[in-house]
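Student: Structure provided below as structure tokens; questions to follow.
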Amino acid sequence: MAWNTNLRWRLPLTCLLLQVVMVILFGVFVRYDFEADAHWWSERTHKNLSDVENEFYYRYPSFQDVHVMVFVGFGFLMTFLQRYGFSAVGFNFLLAAFGIQWALLMQGWFHFLQGRYIVVGVENLINADFCVASVCVAFGAVLGKVSPIQLLIMTFFQVTLFAVNEFILLNLLKVKDAGGSMTIHTFGAYFGLTVTRILYRRNLEQSKERQNSVYQSDLFAMIGTLFLWMYWPSFNSAISYHGDSQHRAAINTYCSLAACVLTSVAISSALHKKGKLDMVHIQNATLAGGVAVGTAAEMMLMPYGALIIGFVCGIISTLGFVYLTPFLESRLHIQDTCGINNLHGIPGIIGGIVGAVTAASASLEVYGKEGLVHSFDFQGFKGDWTARTQGKFQIYGLLVTLAMALMGGIIVGLILRLPFWGQPSDENCFEDAVYWEMPEGNSTVYIPEDPTFKPSGPSVPSVPMVSPLPMASSVPLVP
């Protein structure tokens, strides 16, 4: 089926409408947190505080790292498609910019409401980035097959569902999920996989040649991998309690990521008959350890435990890219462009299970009495909880997340199937030229619904033949 992909009025109107709504809602509901307000001066004097004690100085370095991961790491990781680099980075930029605004509102209404106002500080910015990271994960499943309008619609609904799921887990079930193995990765992955299943394209084979990478596109994607890999310790520790919890989360993530690289390389080489490495595995499976250690990151997992998690996830993720992704596409009709099930889905579930087991096995000998109370908030509502109770609720949180992702993905997928969102036809998927003005001679797309459009020439422009210069040895020497 061919759809009209001319977005001249639809995209501008959608973007402007959403932004105007954001301006109005921010004007009505959003104010600065007291540490960002000018009244901080009187508060500081009254409580004898120093500017250095402002939350900004504790949290902003982590916020910077998380921000880079969302906009640079995820964006460039998805540039592996040979003709979809503009869209991978550009649409990631678009959905993230809208998503952080909507996330500040949705999370604010659930977590940061004081009176009738949402108070915004640096911690809100980190949480909004976490929410958008989940959207970026889901984007990987539908990459190349949807229009920017569909992505904005998906972002709107996913951020809403993310905030609801996060509230249920963190506020009602009292789950610990510092690095978001459940709330971010599991939810984002299975929401995205459900959406892409609903949007299944029977004739996607017509765009199969564009679904491959080339040398340069893989190199750009590797840049995204390195940014994600380097900053993941900040991601998993960004909102942990100051002091030992945050310190522990960074160490555990660091160790898990390091182990994951070695096992990913080992399995990738072992699965090739000539022992060669597959760049897809190195770009993605090497990050699975950071996903899986997220829930238990601030727990007393021990460095060797983090290494074991990374070791196992490197193996499972690489095997998933080789065997599971083709199976899901051929048997279940799940067209997972980026293989997010192997990088975020399965490692996220592993992370949820590891978090439950680690919480259930917590003891006074390992944590100490005060450390146990502080690490799991065993006070107030949870005053009579035991470690086993915490572990049980961790599992409940994982199950709720999966249910929310699957049900939400079905509903949003059905909305995105409507024919007026400007989605590309099956033969024009994974092609920048559908939505972007391309440099001369860099488009092979054909849009039959636009009679004025003429497909351009070959993707590699012809170069006039030039006689080669003579070799140095053949040039006569002047005596």
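Keep in mind that glycine also has a Cβ here, set from the backbone N, Cα and C atoms.
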Student: With Swiss-Prot as the source, do His111 and Asn341 lie on the same side of the membrane?
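Tutor: For His111 and Asn341, the topology recorded in Swiss-Prot gives opposite membrane sides.
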Student: Out of Asn48, Asn442, report back the residue that Swiss-Prot marks as N-linked glycosylation site.
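Tutor: The N-linked glycosylation site feature in Swiss-Prot corresponds to Asn48.
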Student: Please tell me whether the transmembrane segment (395-415) and the transmembrane segment (149-169) touch - that is, whether there are at least 3 C-beta pairs under 8 Å between them, with each pair 6 or more apart in sequence.
Tutor: yes
Student: If we skip the immediate neighbours and take only residues 6+ beyond the ends of the transmembrane segment (251-271), which ones have a Cβ under 8 Å from one of its Cβ atoms?
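Tutor: Cβ under 8 Å, 6 or more out: 179, 229, 232-233, 235-237, 277-278, 281-282, 285-290, 292-294, 296-298, 301, 303, 305-315, 317-319, 322.
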Student: Looking only at the topological domain 'Cytoplasmic' (145-148), what are its DSSP counts of helix, strand and coil residues?
Tutor: 1 helix, 0 strand, 3 coil
Student: With the transmembrane segment (61-81) as the reference, which stretch in 124-144, 149-169, 219-239, 282-302 has the largest tally of C-beta pairs below 8 Å?
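Tutor: Counting Cβ pairs under 8 Å, the winner is 219-239.
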Student: Could you check whether the transmembrane segment (282-302) and the transmembrane segment (86-106) come into contact, where contact means at least 3 Cβ pairs under 8 Å with the two residues of each pair 6 or more apart in sequence?
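Tutor: These two stretches do not touch.
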Student: Taking 10-30, 86-106, 178-200, 219-239 as candidates, which has the most Cβ pairs under 8 Å with the transmembrane segment (124-144)?
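Tutor: Between the stretches 10-30, 86-106, 178-200, 219-239, 178-200 has the largest tally.
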